[in-house]
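Listed in TrEMBL:
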DOMAIN    96-219  domain 'Cytochrome c-type biogenesis protein H TPR'
REPEAT    112-145  repeat 'TPR'
REPEAT    183-216  repeat 'TPR'
TRANSMEM  20-38  transmembrane segment
TRANSMEM  45-65  transmembrane segment
Amino acid sequence: MALLFFGGHVLSEILMNEWWLVILLVVLAVFACTLITYPLRRNRLVSLLLAPIIFIMVFTGYYFWGDFARWQEYLHRNEAQELAQSMLKSIKSPQELIDKLKAKLDAQPESAKGWYLLGRLYSSQKDNQNASLAFAKAHQLKPEDEQFAVNYAHSLWQLSNQQFNPDILEIFHTLLKNNPRQPDALAMLAMHAYLSHDYEAAINYWQRLLQLAPAQSEEALAIRKAIAKAEKQINRGGKKSDR
């Protein structure tokens, strides 16, 4: 069993190497060329002309129909993942990872993704102040990215003791304007409307959010309960929306 595992591991290592794949393709092309040109061996000129054509056809065919480009992309992605995993193994604490990422961003401050990841790391450490600053940079560099905008707005909401302010509302309204089915914006604006006693607006947002949730999911059940609660407030004479 151990030998089988070792043999399988070695084989996978060989196949994962794109140069072995190229060599194997060359061998197959030579073999195909020999088979095709052998009957024409007496006509040396025809054989010499056919050989390069066969090679070109084999390599072109494999490139377009054999997914060679996708295979290379897979190899390079695997290498990047292995490098990232090796870096993570060498890191002893989240703070060390934060420090390394900050050093990278000092050298490449235009990386919106980098600032976003830094914000997520700060959030995991409950450092809301620095998380908000990092998310702000990511949002400034790439304002069209929904996830950056959502995390930035949410970090501002956390900083303001989970209270809404005009800046937070503007971000969520912009998100909803650009994408009427943006779930985070619908949920947060529904919450704001309910807390502001604008129950009809809250119901409207929740009904739109309900359309995005699987019918029998826990999320759908929670949204229906929220709608029912808002409807009770309206029946008790709560404030209604003009919208």
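Cβ coordinates come from backbone N, Cα and C, glycine included.
Please treat TrEMBL annotations as automatic predictions, because they have not gone through curation.
Summarising model confidence by region, the repeat 'TPR' (112-145) averages a pLDDT of 95. Counting residues per DSSP class in helix, strand and coil order gives 93 helix, 0 strand, 31 coil for the domain 'Cytochrome c-type biogenesis protein H TPR' (96-219).
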